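Annotated domain 'Major facilitator superfamily (MFS) profile' per TrEMBL: 1-461, in sequence order. The transmembrane segment annotation in TrEMBL covers 46-65, 77-102, 108-126, 138-159, 165-185, 234-252, 272-299, 311-329, 336-355, 361-380, 400-418, 438-458 (among others).
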């Protein structure tokens, strides 16, 4: 691979991370415009526009990565772009027919696309570059595209929504995905030479079915409960069903599956602690991002484009933080970098609690926006490295997929739990009171991450 081909390859793979976060942010800044069109005023229903995307993204990553192992990572990567384009186009038509339920459903379908793209993109990097500085730089660039994508998603979705109509955001995304498909098809070398002949008997069908169903039902309950209430009969029934399915999934992975999508027997204490840190941290981050935009638009009364302009520093700071990771790790051990990220997950929502809504640029909010990208782009690579160190060689490919699953699923979970806190604590108070309570929940999630990461540090220092 020539130097220019190599650069084009890295750029093409990084597009998957950029588009993944850009699509997530499509429902952040234009949220109130979308809700107004549908006549939706319930914050829980509005949260579904984002949570359904993260839910399917987090739930489908593991089986998607396994399919890439079986049938070729490039093939699954290209299918991901096709799915992204079609689902985005259909999501736009929800502005004409189907209402908010169709949009939430289409957002869920849209989330399957990055579930195909991200793990197979990471696998293509891993198979193209050997262990060493080149792979580290490629992974750092890949991670750095996350905040850039989120910022671009917020800016362009709010711009299009204000000057045109919000469905055009999704149609624009569909067109961009078609171009990304063409670029990927022409630049990425075929991965068929890396694949052994595949058979569906190698695919963990029952594990995928019970695992994905259990995760989706659990997240459905957490995000629907703020709308209908925990005392509605089907909510606890669905919760029990989801837990039963997840229990069956654990049994299948441990006792039945010949090639489990999640090798539970291989997950030692360090792997579990790593996943817990990522889960706590990104649940906090989802709350921070979603309720930050609600604060700017609902409480301060600014339009979407103005809200986007206030959060632009996330892109350059996040990209620089990701690029700096290889250099930081020369001075700092990985568990301590993870602990630093968890501390920022505490600080970023905590600062918003003290933001004065009467001030157009509250200092606590500005500081929060400046530091939050550090948590995003220190936790993901730290988690990937720690998971890689914790898993045996034969299960290395699953590490990054597990981290991506925890990142995206935790965002949806945090929004669901936050919605319940908002619903049950804001009655008789202003909306800002509910937001403060949800931010305190974000602080609690971050604090749990700090405690977990410090325990990890202690475990790493303790001789076996």
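Glycine is treated like the rest: Cβ placed from N, Cα and C.
Curation plays no part in TrEMBL annotations; they are all automatic predictions.
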Long-range environment of the transmembrane segment (400-418) - Cβ separation under 8 angstroms, sequence gap at least 6: 24, 47, 50-55, 57-59, 61-62, 65, 111, 118-119, 122-123, 126, 215, 219, 221-223, 225-226, 262, 271, 274-275, 278-287, 290-291, 380, 383-384, 387-388, 438, 441-442, 445
PLDDT averaged over the residues of the domain 'Major facilitator superfamily (MFS) profile' (1-461): 88
Any contact, the transmembrane segment (438-458) to the transmembrane segment (272-299), with at least 3 Cβ pairs under 8 A: yes
Long-range Cβ neighbours of the transmembrane segment (234-252) (under 8 Å; 6 or more residues past either end): 204, 206-207, 210-211, 213-215, 217-218, 220-221, 224-225, 228, 260, 264
Non-local residues, at least 6 beyond the ends, that sit with Cβ under 8 Å of the transmembrane segment (336-355): 274, 277, 280-281, 284-285, 287-288, 291-292, 295, 325, 328-329, 362, 364-365, 367-368, 371-372, 374-375, 378-379, 382-383, 386, 435-436, 439-440, 442-443, 445-447, 449-450, 452-454, 456-457
Within-chain partners of the transmembrane segment (311-329) [C-beta distance under 8 Å, separation at least 6 from its ends]: 133, 136-137, 140-141, 143-148, 150-152, 154-155, 292-293, 337, 369-370, 372-374, 376-378, 381-382, 385
